[in-house]
Amino acid sequence: MALVTGESLKAELEVFDIPCQDDSVLDKMVEQCICNRIQAVEMVLEWVAYSTTKNGLKLTTDTLEHFDHEVLSKKNKSKKSLRKEETHNRTRDIHSLQDLIKAEEEEEDLLDAYSTPAKGSQKRALTTPEHPHSKRSTVLLSSPSLLLSPARFSPSTTPSQKYSQRGGKGEVAVSFGVVQGTRWAGSKNLGAGVQLQLLEGPEDSLGCSYKYMFQRLRDVRNVLTEKIEELGDNLKTHFNIEEFAPVSLPAQDSITVLGQVCCDSNGKLNAHSVLLEAGPDQGGQLVSVDLSELKEYSLFPGQVVALEGMNATGKKLMASKLCEGVPLPFYSSDVRMQMDEEPVNILVACGPYTPSDSLTFDPLLDLINVIVKDHPDVCLLLGPFVDSKHEQIEKAQVTETFEDIFSRCITSIVDGTKSVGCHLVIVPSQRDIHHHFIYPQPPFTLPNLTKDQAQRVTLVPDPCTLLIDGVTVGLTSTDILFHMGAEEISCYYPLYPPVEDVNMDYDKFQSFAQMPLTPDVLIIPSELRYFVKDVVGCVCVNPGRLTKGQVGGTYGRLLVQRRAAAEDGSRVSPCLAAQVVKI
């Protein structure tokens with residue numbers, strides 16, 4: 001159970017506009033939460049319900065005493081009676097493997113009482129990783145393989161047969177750049193020489209959780225309007241457009257209009273369902289678009305474009321020219337490159353880290369072995385770590401909390417790579433069942449990390465832009481490849497409206513999900529086939545997922561180094577080589 005504090009109770013009370021400045025009242029509520037084993041939000045909800053029935057009773061220590069007697073004590077008694085009834089009916093809520101073994105022993109004792117044991121038979125002592133009975137077990141207890149044993153999480157301990165029998169282990173699936181003779185091993189001394197930080201700094205990045213589901217439609221509209229106006233100014237400057245005409249104004253001559261691409265239905269966008277929605281400065285109207293005269297185009301809902309054409313009736317625009325995609329500038333640094341500077345080896349992996357038919361973390365253990373063998377300087381690990389789409393999690397077949405499973409997973413990664421000393425970057429996913437289901441997504445919190453461990457682990461939000469030894473790396477664990485064109489890289493999720501799996505907060509999206517520049521490397525994991533491609537100077541990497549259903553998947557590795565401009569002044573990509581490898 002999470003720790004209940006006076007600050008957390010005060011925050012929950014403020015949601016219902018209940019003022020509380022008396023510390024003694026908050027202390028009393030904290031005491032009641034601890035004694036009755038309830039969280040702050042449940043405590044406040046019970047009080048709101050109680051005070052409403054008492055005609056808006058004020059919050060004091062005396063009224064809390066009555067509240068405890070009339071509500072909390074009765075609720076606590078009902079819980080106890082329910083537990084007694086469950087025990088009497090021999091039904092158990094198994095929260096750990098040890099409880100399961102204890103239940104089995106009691107059942108065996110009951111059977112032994114009604115049977116005659118065979119001569120010389122002995123009851124074998126049951127052992128678990130939590131309670132070993134040998135010195136060898138004690139030594140192996142700290143092993144990542146035991147921490148991630150399926151018995152720790154689920155009564156079903158059958159490992160995935162398809163994963164263990166997979167072929168092509170360690171095979172290179174895709175290569176990019178000069179890979180012949182490349183040494184895929186870190187060159188830094190235990191990662192100590194690598195400079196890794198968020199590009200915009202911790203002050204201007206999403207660093208903690210926030211309250212969501214409070215946005216108003218007017219605020220969403222304002223964010224979208226500002227996007228149209230900002231990208232419209234860039235298009236006007238880049239293509240030398242004098243001014244934009246209203247989209248619904250009938251005109252016999254060729255005009256140029258600005259707007260956001262929309263779909264006329266809930267289905268997929270096609271050549272016959274394209275609408276253009278203008279901003280307030282251009283009338284704020286919707287107009288149908290005929291694209292038959294365009295030789296080629298790539299559009300998605302939410303894309304801001306400028307269209308040139310004729311709108312004779314004011315209801316349909318016959319587009320003859322499409323203006324889109326003003327690329328953002330690349331990162332430039334005033335720091336001079338050292339002559340003896342060596343490339344940085346980066347490993348990239350995206351969850352899920354278990355097969356779909358078992359909660360064994362064998363793929364993650366194999367990845368840890370790869371890290372120990374190759375000694376990368378930086379490991380970018382993207383979620384989901386505890387996948388909400390996993391079969392056993394959907395059916396509630398786990399015996400530990402999701403937070404405990406995640407904690408063991410991260411502990412195994414940190415301890416298993418301790419000898420390597422590489423930097424670990426942990427990125428959350430909206431499929432992580434224990435984390436906030438919102439985009440942009442705040443970073444994980446790991447309060448149990450030691451000081452030495454925290455120096456190697458960097459917790460970042462989704463999305464984010466990292467600066468690794470002068471090379472910018474864009475990261476997002478949200479699958480956007482179905483919706484992004486080659487030239488429209490201006491934010492980490494340009495689609496509007498978002499798909500149902502993405503819960504968007506547009507206020508935070510405007511602040512923390514925009515691309516400040518074009519990254520040198522963009523990591524975009526997807527369900528689509530893995531690839532490494534150069535798109536307008538940005539090396540886009542889809543490393544795939546570490547598992548694909550019941551079989552093994554892929555991970556990526558890159559060799560990057562900041563490089564001086566060419567003799568003609570043109571930019572040189574800092575990505576020397578990249579590969580996608582089968583686990």
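Placed from the backbone N, Cα and C atoms, the Cβ positions cover glycine too.
Remember, it's a predicted structure, so these values are computed and weren't measured experimentally.
Over in TrEMBL, the protein carries these features:
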type: DOMAIN; residues: 7-74; note: domain 'DNA polymerase alpha subunit B N-terminal'
type: REGION; residues: 75-96; note: region 'Disordered'
type: COMPBIAS; residues: 83-96; note: compositional bias 'Basic and acidic residues'
type: REGION; residues: 113-141; note: region 'Disordered'
type: DOMAIN; residues: 221-325; note: domain 'DNA polymerase alpha subunit B OB'
type: DOMAIN; residues: 346-490; note: domain 'DNA polymerase alpha/delta/epsilon subunit B'
The domain 'DNA polymerase alpha subunit B OB' (221-325) vs the domain 'DNA polymerase alpha subunit B N-terminal' (7-74): 3 or more CB pairs under 8 Å: no
Secondary structure content of the domain 'DNA polymerase alpha/delta/epsilon subunit B' (346-490), with strand meaning DSSP E or B: 38 helix, 33 strand, 74 coil
Integer average pLDDT (0 to 100) for the domain 'DNA polymerase alpha subunit B N-terminal' (7-74): 85
